[in-house]
Amino acid sequence: MRLSILLGLLPLAPRPPAVDAVEQRSEPAPLIEAQGEMIADKYIVKLKEGSALASLDAAMEKLSGKADHVYKNIFKGFAASLDEKMVEVLRAHPDVEYIEQDAIVNINAEQRNAPWGLARISSTSPGTSTYRYDDSAGQGTCVYVIDTGVEASHPEFEGRAQMVKTYYASSRDGNGHGTHCAGTIGSRTYGVAKKTQIFGVKVLNDQGSGQYSTIISGMDFVANDYRNRNCPNGVVASMSIGGGYSSSVNSAAANLQQSGVMVAVAAGNNNADARNYSPASESSICTVGATDRYDRRSSFSNYGSVLDIFAPGTDILSTWIGGSTRSISGTSMATPHVAGLAAYLMTLGRATASNACRYIAQTANQGDLSNISFGTVNLLAYNNYQG
């Protein structure tokens, strides 16, 4: 069944018998209620692998004013406003794998004061004040910051940052969160990988929130866009965002990782098991928890078996909008440490997109952290600089 035929059903709002023209299924496709703050009448429709998509462009024309997003890369599907009848028609269609209600996603940050994280990831013990690193510093890599945007004109980025996609009227970072994360990844003073290229993808509004359907579209964009960029040493996606569990978001993140992008995500700031949050609960990507300067799990950081690594996340000083700096806390701040470290290691030839998270875990400082719950890794990111 071609996607154009499938999506062509939507504008008609037919009663269930309208699917008689296509092959019937024995049971309707699952209808998943996303955890968290759901959005009324907004749905993400995931098609089965192997569904023919030759007429996707025609389908998009038929959905003019109906589809919010059409996904072509990380998985096949779309997001749209659907009433109950439309949902039931689509659930009966043999090409639909599942339908999930859209939900709100937020940044994972809190306000705080004081810098220290870079020194910690280049040392085997806490309390140091010097960041030690190889001067290659992530050169030849690209890091996508999927967030509130990036203030590319900030002097700390030295012309290495640019906005490449926005889902809002303005590409400007009116929040600061994305710029802060980008600074920890690759700014001149506060960055782990000081020579990487930074690409901003604005999926969250200036209040720091957005829809899962938009997050998925941002990942879909990255999966295609990076192939047209000059990133010979590797590509990373940093996502310091999260919300309640979502099958669609997890699937998108897993497929972005599989496409050749190292995906680092925030564990979340709920002091709870990260398996109940997305994209943190996706096992094939790199889920990052936060620590403080005393090597304690940050009081807010999520935990559990889905975490891969911890990194500094309390009182992290980095770039801010308006050409300034600010110190904030969250697993949002820990994640760019790991994203930057992945880019750094890729340039050195020690890691690739497929194995970077595993390599970081294998070479981490082990057993140094306190306030770690049973079943959670006791691993703190470390760059293993030997110079």
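Just so it is clear, glycine is given a Cβ too, placed from its N, Cα and C backbone atoms.
What Swiss-Prot says about this one:
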- 1-21: signal peptide (SIGNAL)
- 42-107: domain 'Inhibitor I9' (DOMAIN)
- 115-387: domain 'Peptidase S8' (DOMAIN)
- T124, D368: Ca(2+) 2 binding site (BINDING)
- C142-C231: disulfide bond (DISULFID)
- D147: active site, charge relay system (ACT_SITE)
- H177: active site, charge relay system (ACT_SITE)
- C286-C357: disulfide bond (DISULFID)
- D308: Ca(2+) 1 binding site (BINDING)
- S332: active site, charge relay system (ACT_SITE)
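All features noted in Swiss-Prot, drawn onto the structure.
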{"residue": "T124", "record": "Ca(2+) 2 binding site", "CB count, 10 Å": "11"}
{"residue": "C142", "record": "disulfide bond", "CB count, 10 Å": "27"}
{"residue": "D147", "record": "active site, charge relay system", "CB count, 10 Å": "30"}
{"residue": "H177", "record": "active site, charge relay system", "CB count, 10 Å": "28"}
{"residue": "C231", "record": "disulfide bond", "CB count, 10 Å": "22"}
{"residue": "C286", "record": "disulfide bond", "CB count, 10 Å": "25"}
{"residue": "D308", "record": "Ca(2+) 1 binding site", "CB count, 10 Å": "22"}
{"residue": "S332", "record": "active site, charge relay system", "CB count, 10 Å": "34"}
{"residue": "C357", "record": "disulfide bond", "CB count, 10 Å": "23"}
{"residue": "D368", "record": "Ca(2+) 2 binding site", "CB count, 10 Å": "18"}
Point to revise | D147, H177, D308 screened against C357 (disulfide bond), Cα within 10 Å - retained recorded positions | key: D308
Exercise for review: Could you check which of these recorded positions, T124, C142, H177, D308, S332, D368, sit within 10 Å of C286 (disulfide bond), going Cα to Cα?
Suggested key: D308
Review point. Tell me, which recorded positions from T124, D147, H177, D368 are within 10 Å of C231 (disulfide bond) if we use the C-alpha atoms?
Key: none
Check your understanding: Rounded to an integer, what is the Cα-Cα distance in Å between C142 (disulfide bond) and S332 (active site, charge relay system)?
Key -> 19
**Study point:** Integer Å distance between the CA atoms belonging to H177 (active site, charge relay system) and D368 (Ca(2+) 2 binding site)
**Key:** 29
Exercise for review: Could you pull the average pLDDT for the domain 'Peptidase S8' (115-387)?
Suggested key: 96
Exercise for review: Work through the recorded positions one by one (T124, D308, S332) and name whichever has its CA nearest to the CA of H177 (active site, charge relay system).
Suggested key: S332
**Study point:** C357 (disulfide bond): secondary structure state under DSSP, collapsed to three categories
**Key:** helix
Practice item. Can you figure out which of T124, D147, S332 (the recorded positions) comes closest in space to D308 (Ca(2+) 1 binding site), comparing Cα atoms? Key: S332
Check your understanding: Could you give the Cα-Cα distance between T124 (Ca(2+) 2 binding site) and D147 (active site, charge relay system), in whole Å?
Key -> 31
Point to revise | Distance [Cα-Cα, Å, rounded] between S332 (active site, charge relay system) and D147 (active site, charge relay system) | key: 10
Practice item. Indicate whether H177 (active site, charge relay system) is helix, strand or coil by DSSP. Key: helix
